[in-house]
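Report on the structure given below.
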């Protein structure tokens, strides 16, 4: 069933090239997905190189079985626990590069049984790991209207959040929603104005998905984890797909690259400043966006942003 859902890896070459792969290095693909980035990394590693992949989606773990390579291993779990996985392997501070491809994948969106898409009818689930936590239907059934409003506004910037939340609560009082099409139709009916070329449920589905999977908190923890496992000169390569994700990545790199704030004019070298603590990363190059050709081939790449950073010596 896995092969039925095609996945085109976004910014494939750019994201991997930014890792500056060393033949004998140790790398982490924190979001295996269907293995596009992992396969390219493996193709650039020598016999002594190693690649550790992570994914919390059981279908991704199943897809990884197709990679028969002694240099490769995969862990089923959230990338936010990266530091723990690496510590268990005794490799803290020895990782030469970490790649993160954030958000929901095409196979997750395209499989109606996963419940991520308002375009295809399926169970109202939305969990990246269906074996853990509450589904979207379960959460919506027990959530108060104010809680739903907060989620829709915070993670979806939905201006009709109150109308939609009220409609959800009223519907669930009479007959619980269990299908994606039910929720999408309800949101469309509750939205008085429609944006051109945008389904009324787009923002709400994004918001509920982000909340159900704790996506933004997971990203923050994953970035901290990457920082803790990287070796000096190790690279961080992160692809984000919407402004909420990119804002977290941008702020993290900026904060970690600023270092201690000291009065201007103090005669301190860069090494002395680093010894004060705080400056741990330096940005590498400018953010990258997909080319027009890539967007034409894969419209879902349109909103992607790729950022790089390099670990500074302690």
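Backbone N, Cα and C atoms are what each Cβ position is placed from, and that goes for glycine too.
According to Swiss-Prot, the protein carries these features:
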type: BINDING; residues: 35, 36, 37, 55, 79, 101, 108; note: S-adenosyl-L-methionine binding site
type: REGION; residues: 276-296; note: region 'Disordered'
Where the record names 35, 36, 37, 55, 79, 101, 108 as binding S-adenosyl-L-methionine, the maximum Cα to Cα distance in Å: 17
DSSP residue counts for the region 'Disordered' (276-296), split into helix, strand and coil: 5 helix, 4 strand, 12 coil
Binding-site residues: 36, 55, 79 - member with fewest neighbouring CB atoms within 10 Å: 36
